[in-house]
Amino acid sequence: MSAFSVPLSKLADMLNLETIYAPKDLKDIPIETADVHRPGIVLAGYYQYFDARRIQIFGMVEMAYLQELPEGTRRVHLEKLFQLTPPAVLISRSLEPLPEMIDFAQKYEVPVLSSSETTSTLMSTLISILNVELAPRITRHGVFIEVYGEGILILGDSGVGKSETAVELVKRGHRLIADDAVELRRTSNRTIVGTAPENIRHFIELRGVGIVNVAHIFGIGSVKVSDKVDLVVSLEPWDRSKTYSRTGLETDFYDILGVQIPSTVIPVMPGRNLAVIIETAAINNREKKMGYNAARELLARLGLENDIVE
């Protein structure tokens, strides 16, 4: 079960659902699990492992099966299902609900909604939405920007130049997703998605200038609502006592909610064009994902490929 919830009204809006019956305002009905369920064998009376917290989806198979049952048997199975009070019942393909379904929905106060989509499409879309809305999440201080199709999370102490670098990247044609506060969600065991809190979306704070609305100044094409995090870039003042990577042969990782994201540390000093460096890091990360590693090729050309330590 997720620590978060999403109101049924939001799902209804996103999926364009028609409300057939609602015991109360849909915004007051929380959905707390990303799993959904087609009753199937439950309608035959088998309830072992049944999870009543899941949204129940009735498709053409379920509706046809119910119509073939004797009325008494149909009422018994439907009442037992609605008696467990699932958070909602969705009917796909705009199929007409059975009168008994409405009767028991009203008796046990279970909302019933309808979708014009096929059952498979409805389920896959609903699961995708729930995986995002109910995903574990944290907020990090930083900047999130799309560079050449790569989601780049820029971290660093206040005043190191994150926002200034983001503005330069936007001027160079890239898209801002979040500044200052980045909301990160784990939508799968391998994927972190970043976005901005809605109330500060598209705004950047620049010291000496103030608050800037990037979408207004640079155009709507300069912003994006969310993206997958592909690379973490940490900016820090240049420390001459520290050794920084010069080959990029080994990949470092940054842990976000248990997901390991490729990362790199970029030392900051006067004269370094951070925007260009981050552009290069983004392209280089993309090449690595496609199987190409420039450092390995250079060592191979020098005849030192046997010196590569895996």
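Even glycines carry a Cβ here, placed using N, Cα and C.
TrEMBL: automatically predicted annotations, no manual curation.
Annotation for H141 (active site): same-chain Cβ neighbours under 8 Å, separated by at least 6 residues, are L155, S158, D180, A181, V182. Mapped onto three states, the DSSP output places H141 (active site) in strand. Per TrEMBL, the feature active site maps to H141 (among others).
Around the Cβ of K162 (active site), the number of neighbouring Cβ atoms within 10 Å comes to 23. The active site feature in TrEMBL is assigned to K162 (among others).
Residues or ranges marked as active site, proton acceptor by TrEMBL: D180. In the three-state DSSP reading, D180 (active site, proton acceptor) counts as strand.
Counting every protein chain shown, the number of other Cβ atoms lying within 10 Å of the Cβ of R246 (active site) is 7. Among the features that TrEMBL reports, active site is placed at R246 (among others).
According to TrEMBL, the feature ATP binding site maps to G156, D157, S158, G159, V160, G161, K162, S163. Other C-beta atoms found within 10 angstroms of the C-beta of D157 (ATP binding site) number 12, with every protein chain shown included.
Residues or ranges marked as Mg(2+) binding site by TrEMBL: S163, E205. Within the same chain, residues at least 6 positions away in sequence whose Cβ sits under 8 Å from that of E205 (Mg(2+) binding site) are S163, D179, D180, I211, V212.
Per TrEMBL, domain 'HPr(Ser) kinase/phosphorylase N-terminal' is recorded for 7-130.
Taken from TrEMBL, the feature domain 'HPr kinase/phosphorylase C-terminal' applies to 133-301. Mean pLDDT for the domain 'HPr kinase/phosphorylase C-terminal' (133-301) in this predicted model: 93.
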Spatial neighbours of G161 (ATP binding site) that are distant in sequence (at least 6 apart) but have CB under 8 A: L235, V268, L274
CB contacts for V160 (ATP binding site) [other CB atoms within 10 A, all chains]: 18
Cα-to-Cα gap, D157 (ATP binding site) vs R246 (active site), nearest whole Å: 23
Three-class DSSP secondary structure - E205 (Mg(2+) binding site): strand
ATP site, defined by G156, D157, S158, G159, V160, G161, K162, S163: further same-chain residues with Cβ within 8 Å of the Cβ centre: L235
Densest Cβ neighbourhood among S158, S163 (binding-site residues), 10 Å radius: S163
